[in-house]
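J.: Encoded as structure tokens, here's the structure I'll be asking about.
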Ligand SMILES: Nc1ncnc2c1ncn2[C@@H]1O[C@H](COP(=O)(O)OP(=O)(O)OP(=O)(O)O)[C@@H](O)[C@H]1O
């Protein structure tokens, strides 16, 4: 590698040449931008040029590219040699490409990992050939400091007959390794230089189809979902706008954590929200005045704080799971049918045409059939409107054929009179079609036990339905909604009135999707054009399993009926060291989860996790204090002290705040991720990563699925170091089988 590389001279010269071209470009752009203009179009052009200039000055000049691909095209045997960078750079005089953008079609060769039989897509065309060389560069301040040849290794590897695992485990991509080992401030960053082929497939997946990605902790799900946005906006700017992209994330703090990488990827104006914040805004106008939505954290206390009533837990679990289920969706659809069948009489529509004494009529059954079948796909209220239009047409048809038969001519005035009469008759007739109030409908369905038992799918036991109904009624009595009511209300709005199309997104990313319910994902689908969605998550990290998704089949089979989602899995983990992942995987082994594959860490070693046994709380706080100081001394910037519950976080903060400078206590109301040393409950660490994690009281996590998932989430957050603490004499049930050689005792 590096400066010893046989092509070092040639590549260094090429880089110098490229930088010289970029310097010319910079001079030219500066001149062009400085030309004052009143012309609006020119102002827009200048604005874009200013952005290009900023990129060239800030990044492009020092590190114009990170990779090179030599591609020999089939048939014509023409060799394309392209240098790939974070942004494409084009000479403005000749329009020659100096550097190819990583999102451009040909750049996919750099990521796909194929050597022979490689191809890339240019619109509908497939360009085939052979990747002769795939080369990575480490460049610092305009100098090459490392050259790594990827495809060559792959070829050697294949020709030596090594199995694929060898490539992944023994022959690890040196360039990736160098990147992962770089000092890390633990915020999310772009990975355009080291995107792996299975990640690349997801980033470049079909646009108008939902994709579901099950990926182990640290497999890059969040990162690649954001890279996919960047890819989409680059390739489909005619039909998509980044302003109409939405990223749904698990909490507000996570949003600030990802926001730094968005400008890097050129998608800084995407919308970002938690599901609850977004959906609550839509649901508020449907709620009666004075009603409130309770905090989403309430159930967490019930499920994770000690000494909670078990029956209360069971009822809550039944209620929350039902409200997020496809069974609830079905019950709502049945409710509309029930209203139609039981409340609309579907009488005959008839009236007497005085002038000729003719009676016109349409039979009730015909009207019923139209309403249920012909217009069945429309929201209820739109069906009523469509029926009115249809009845009017029918009556008009009958009148005109009658008039033709009788050879009667109707003048303008006569026609207007007939129209008016018809409107009045339709007004009267349609009074028997009740106008459905969304909120009242929901209340009737969810809080009336017998009705819900009748309309919910038979597979749901009556006992569960009764729990759902009685506990929901009690909440509604207090004029309270819970976050789990929001998705059903929006779904009801969809089937009663239809959703507002103006609000629709061009693409949505649903991160940590396992913690949303199937119905919540379905509602997001309704708000997304052509179901263009990237849904990523990890069932093993489903800490809100009392309401979340248990198996991806709930999404891949149950929601998107027109076009089933494409399903991908990622098993390679990039965040934590091998030593940390080995310990975390032991926790998952304790529980039996469907669809769970254990994370395979990339070949990056670090120190073994440490288990601290403290004899008193005072000793524990002292130990943590000195560990934090030592970690800071080593240069680690983000250190999280993670507790099982919010209460425990408060206690730890109180005990440590005086002796650890700038120690921040984080709760779910916090919007900012401050970095530095933080104390927070495990559930809030979702999606985040830290240089080091100190996990308090591992013995408090019980041997059950929920606690195991919570502990797994917390253990998979550190990039470099993991410290676990427990009181001397205590046993951590989830770590009981952890082999002694996997950690260090302290
Ligand atoms: N191809 C890659 N090259 C370099 N770093 C990578 C790559 N893929 C992922 N990473 C790094 O791995 C870390 C984890 O990524 P990310 O947070 O996106 O994973 P995740 O699957 O969303 O994790 P989790 O589910 O545990 O929250 C990040 O630091 C990211 O930069």
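Please read every residue number as a count from 1 along the shown chain.
The backbone N, Cα and C atoms fix where each Cβ goes, glycine too.
Pulled the feature table from TrEMBL, pasting it below:
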type: BINDING; residues: 215, 216, 217, 218, 219, 220, 221, 222; note: ATP binding site
type: COILED; residues: 5-39; note: coiled coil
type: DOMAIN; residues: 194-577; note: domain 'UvrD-like helicase ATP-binding'
J.: Relative to ligand 1, which of the binding-site residues 215, 216, 217, 219 have a Cβ found under 6 Å from one of its atoms?
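T.: The binding-site residues passing the 6 Å Cβ test are 215, 217, 219.
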J.: Relative to the Cβ of residue 217 (ATP binding site), which residues of the same chain, six or more apart in sequence, are found under 8 Å away?
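T.: For residue 217 (ATP binding site), the qualifying residues are 538, 540, 541, 573, 575, 576, 584, 599, 712, 713, 716.
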J.: Any same-chain residues 6+ apart from residue 215 (ATP binding site) with CB under 8 Å of its CB? Would you list them in sequence order, or say none?
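T.: Listed in sequence order: 221, 536, 537, 538, 568, 569, 570, 571.
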J.: Same chain, not part of 215, 216, 217, 218, 219, 220, 221, 222: whose C-beta falls within 8 angstroms of the C-beta centre of the ATP site? Give them in sequence order.
T.: 536, 538, 570, 573, 574, 575
J.: Quick one: give me the count of other CB atoms within 10 A of the CB of residue 220 (ATP binding site).
T.: 25
J.: Have a look around residue 221 (ATP binding site) and count the other CB atoms within 10 A of its CB, chains all included.
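T.: For residue 221 (ATP binding site), the count of other Cβ atoms within 10 Å is 27.
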J.: Cβ-Cβ under 8 Å from residue 222 (ATP binding site), same chain, 6 or more residues apart: which ones?
T.: 188, 258, 511, 536, 687
